[in-house]
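Per Swiss-Prot, the feature FAD binding site maps to C95, E114, K115, R116, R121, H122, N123, F181, Y293, D393; the stated evidence is similarity to another entry. The domain 'Calponin-homology (CH)' feature in Swiss-Prot is assigned to 508-612. Annotation source Swiss-Prot lists region 'Disordered' at 643-690, 754-838, 865-887. For 671-684, the entry in Swiss-Prot reads compositional bias 'Pro residues'. What Swiss-Prot records for 695-757 is domain 'LIM zinc-binding', and it gives sequence analysis as the kind of evidence. The feature Zn(2+) 1 binding site is assigned by Swiss-Prot to C697, C700, H718, C721. Marked as Zn(2+) 2 binding site by Swiss-Prot: C724, C727, C747, H750. The feature compositional bias 'Acidic residues' is assigned by Swiss-Prot to 876-887. Taken from Swiss-Prot, the feature region 'Important for interaction with RAB8A' covers 904-1070.
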Amino acid sequence: MASTISTNPAHAHFESFLQAQLCQDVLSSFQGLCGALGVEPGGGLSQYHKVKAQLNYWNAKSLWAKLDKRASQPVYQQGRACTGTKCLVVGAGPCGLRAAVELAMLGARVVLVEKRTKFSRHNVLHLWPFTIHDLRALGAKKFYGRFCTGSLDHISIRQLQLLLLKVALLLGVEIHWGITFTGLQPPPKKGSGWRAQLQPSPPAQLAKYEFDVLISAAGGKFVPEGFTVREMRGKLAIGITANFVNGRTVEETQVPEISGVARIYNQSFFQSLLKATGIDLENIVYYKDDTHYFVMTAKKQCLLRLGVLHKDWPDTERLLGSANVVPEALQRFARAAADFATHGKLGKLEFARDAHGRPDVSAFDFTSMMRAESSARVQERHGTRLLLGLVGDCLVEPFWPLGTGVARGFLAAFDAAWMVKRWAEGAGPLEVLAERESLYQLLSQTSPENMHRNVAQYGLDPATRYPNLNLRAVTPSQVRDLYDMEAKEPVQRMSDETDSGKAATGAVGSQEELLRWCQEQTAGYPGVHVTDLSSSWADGLALCALVHRLRPALLEPSELQGMGALEATSWALKMAEHELGITPVLSAQAMVAGSDPLGLIAYLSHFHSAFKSVPHNPGSVSQGSPGTASAVLFLGKLQRTLQRTRTQENGEDAGGKKPRLEVKAETPSTEEPPVPKPDEPMTPPSQQQDASAEDLCALCGQHLYILERLCADGRFFHRSCFRCHICEATLWPGGYRQHPGDGYLYCLQHLPQTGHEEDSSDRGPESQDLPMSSENNTPSGPATPVDLHQGTSPVPNPIQPTRRLIRLSSPERQRLSSLHLTPDPEMEPPPKPPRSCSTLAHQALEASFKGWGMPVQSPQVLEAMEMGEEERSSSSEEETEEEEDVPLDSDMEHFLRNLAENSGTMNNYPTWRRTLLRRAKEEEMKRFCKAQAIQRRLNEIEAALRELEARGTELELALRSQSSSPEKQKALWVEQLLQLVQKKNSLVAEEAELMITVQELNLEEKQWQLDQELRTYMNREETLKTAADRQAEDQVLRKLLDVVNQRDALIRLQEERRLSELASEPGVQG
């Protein structure tokens, strides 16, 4: 039947319509189709029914079935839910078209205006599972056969617009091209309607079109008047996108895509890139669609060094303006990074062309995010109401093209259509606005993990998409200002001052309140009399009493008597840091001397904000640290625990550190950690001569103000100084080391080995030209771009002769790669010392599987699963496609993939193999997306902390220098300083929470990579392995054991923290 050549012209037009790849071709073929059928285009759902009835064509039936299935959902009321509602949609981007499709299915008349005349954006969008299912339900595979057929689920913006345009045309949406919306024309008198101001001169019918709903999807640069947009900025992030011609050769199709490589948890790739090409990146992604699409975040200094930017301007717009960007250098930069990431396997990279015929490569500002403060408004003039809604980038302009833009854009389109439905049902303006704003509050928090799992049930009704939905979260009284009944001046797009931090919780209202709280907490202790916030704390007893009140088990009150002032203060400072998460702001010496009263007030305010809700009865406090202190405390313990685990696994000397964090009260230590000698390059002699420890930075020697102080191991630093010398990442106490040779600080990953000079090439060349051809920059590093954990193998410690290298036999290796983790007793050799490594390996792989949540199944269960797969493989192609739509649980898909590899099922069922491979890639992408979101927030926190430090420095200088200022003014300044301290503590706590998540991601990624690498070695024939292969396999096994132990330590600490916080909740204690 498919081979029969049809002579019906409507059939030919329909085929052209399906295959059209240019906007004008789509429009002309659709006009031809309507002409051949005698149907007037743009007639709403009635046009769709006429086309469907008259086009009796076999190739159209599957498309009609999909659209009819969607339209048959009860929410649309058979296309009569919004009959009589007239809508104007501005913008034919993906979100505008998706909103138009929903409105058309509701039965509204929809007119769409677009200022462009063609689709030319090649950039590729990552898709969430629900967007894939949604687009397939609209016939995406019919319009674009390669939709989501690769290892990653994505689509180019141009292809997405084309398929949505085709659906919108079929559903009767009236579309006008080359028309720019410039504003609204209110009704001149009662009984008339709202119109649009359009340029250039629109058709007469469009100029007279009166509508009662406006949906703006015109992008972030245009927001209708009346809406206020807030700008959120973080640390400068320069994004570069590049599209290269995809020749679709066999060689190109075999190059694997890169779902995401982020410096935040995987740095070896970027160090290799820097050494090979001089390019310094934060992250890179590679998608293969109509083009080879690369997106990366580059560092400004690298762009300046390589001549991509002419000059360094403080203003971002001027920095990245066309006059300051060198196009040829930018092209070399993008080509070299792309060639390195793909190991030169794409051949000669030729840039695709943009809408202006130029090479499709650009640099732009990733720093700014725009977010509308409200998603909808109602305007009323002369008794005629107009409902305005925002979708797409003019509602929320996303930071990173990883699916959040199109996914949340589709959600916003659904929510806007639901709002129009409620409007058409006659709900009051304030009720409609309140519901819409309640949904808008959820939008920025949505992710595939916190929405309903069954994407097949998603529909227009918000309850099908959002769990725990509360449509009354915003009340009608809270949205009165969004109901405009009077003429107002246009509200221009504005950028508010950024406050990236969360609102400080528990801020101290005054010094009197802080003093009163301290007196309540220390009341009843012998010898403790708190009368002020300075001299009362000099003997150390008051601080010990405060710590004891919050942690009674650490010390008996009687033991406070007899302690010296310095001894007691040092003990209290250490206990507060290690057990309460309160980092020091001043040294024990300064506290005893009373030389820094401002620092003492700031330090005590941290106790107040963290524990102000704690009752002051002795022994009433649980082991949990509430508020901001908990995250900082947990991160410190985590860093020390992971480092101790690494040290024990590597057989290294732990430096005499005790395994427990507690310091015995009987022998309190007043010794400070070793301070670098004066002749070391980073420590000035003045530190040990004239100033106290907290007044000068231990690295740069410059003055430290209160809000700049960061304490680690008894020393104080600037935050900007306390960074890894190699990767410049912010360090945390317990997660760094100072090299005894050069005096620099290093994160644990980049700490040079003792006795070896640091390789200066790790930091990259000071000045290096970009390679002019792909042959010059092909790395000789890892074989695949995602094997980023490979590097210099750790050298076995020669002073640990008992840790010998154990070689496993071939049967043992096969058992390690098997899911049957219990060996056959008959095959198990007699126990002997060398077999302890085999046992550890079994435990490592078992823990590796359990770390993913994978159950150890019996052979009967595995056989049943294989039989079930055989039954599924006999289904039709359409059923197979729908099966792939259902998102697999990440743990189960890991289990299935390993099962398939070891049982040979993967080769027998290629569809299953492709599905599992794609799902594995999706899990990798989820980690990358999460890492990118964390990186973005960390940048925002860093920018906010710098701003707080600058404001705090001004206040502190004013307090210390203006001795003649009125006492009332000084008290006001102190209160402002305390508020800044609380905001800083809140931001630091959030930063600690993010760093904990980074540790999880890092270990999860390492375990996944090592597991895959170990299985690669085990699947080889033993007779084909070289000595180097066996040595590498043993090293990978040791690394896997190390990572498994670290993840185990992290899970134990997280469980301890959870139980501790649970015990501290009201109603749980006692």
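Start at 1 and count along the chain as shown; that gives each residue its number.
Placement of Cβ uses the backbone N, Cα and C atoms for every residue, glycine included.
A map of Swiss-Prot features onto the structure.
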residue : record                : DSSP class
C95     : FAD binding site      : helix
K115    : FAD binding site      : coil
N123    : FAD binding site      : coil
Y293    : FAD binding site      : strand
C697    : Zn(2+) 1 binding site : coil
H718    : Zn(2+) 1 binding site : strand
C724    : Zn(2+) 2 binding site : coil
H750    : Zn(2+) 2 binding site : coil
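Of all the binding-site residues in the record (H718, C721, C727), the one with the smallest CA separation from R121 (FAD binding site) is C727. Fewest Cβ neighbours within 10 Å among the binding-site residues C95, C700: that distinction goes to C700. Of all the Cβ atoms in the protein chains shown, 19 others lie within 10 Å of the Cβ of H718 (Zn(2+) 1 binding site). A Cα-Cα distance of 14 Å separates C724 (Zn(2+) 2 binding site) from C700 (Zn(2+) 1 binding site). Each of the binding-site residues C697, C727, H750 was scored by the number of other CB atoms within 10 A of its CB, and the lowest score belongs to C727.
Using the Cβ center of C697, C700, H718, C721 for Zn(2+) 1, the list of other same-chain residues with Cβ within 8 Å runs, in sequence order, A698, L699, G701, Q702, L704, F717, S720, F722. Residues C724, C727, C747, H750 make up the record's Zn(2+) 2 site, and a Cβ search at 8 Å around their centroid adds Q267, R723, H725, I726, E728, A729, L731, Y746, Q749, L751 from the same chain. Largest Cα to Cα distance within the recorded FAD binders C95, E114, K115, R116, R121, H122, N123, F181, Y293, D393: about 31 Å as a whole number. Helix first, then strand, then coil: DSSP counts for the domain 'Calponin-homology (CH)' (508-612) stand at 69 helix, 0 strand, 36 coil. Around Y293 (FAD binding site), the same-chain residues at least 6 positions away in sequence with a Cβ under 8 Å from its Cβ are H122, N123, V124, S156, T241, A242, N243, F244, Y286, Y287.
The local packing around R121 (FAD binding site), expressed as other Cβ atoms within 10 Å of its Cβ over all shown chains, amounts to 20. Note on the region 'Important for interaction with RAB8A' (904-1070): mean pLDDT across this stretch is 78. When the binding-site residues C697, C700, C721, C727, C747 are compared by Cα distance to K115 (FAD binding site), the shortest distance belongs to C727. All protein chains considered, the CB of N123 (FAD binding site) has 18 other CB atoms within 10 Å. If you measure from the Cα atom of H750 (Zn(2+) 2 binding site) to that of H718 (Zn(2+) 1 binding site), you get 21 Å. For H718 (Zn(2+) 1 binding site) paired with C747 (Zn(2+) 2 binding site), the C-alpha to C-alpha distance reads 16 Å. When Cα-Cα distances from C95 (FAD binding site) are compared across the binding-site residues C697, C700, C721, the shortest belongs to C721. The CA atom of C721 (Zn(2+) 1 binding site) is located 13 Å away from the CA atom of C747 (Zn(2+) 2 binding site).
Long-range neighbours of C747 (Zn(2+) 2 binding site) (same chain, six or more residues apart, CB within less than 8 Å of its CB): C724, I726, C727, A729, L731, G735, Y736. Of all Cβ atoms in the protein chains displayed, 18 besides its own lie within 10 Å of the Cβ of C721 (Zn(2+) 1 binding site).
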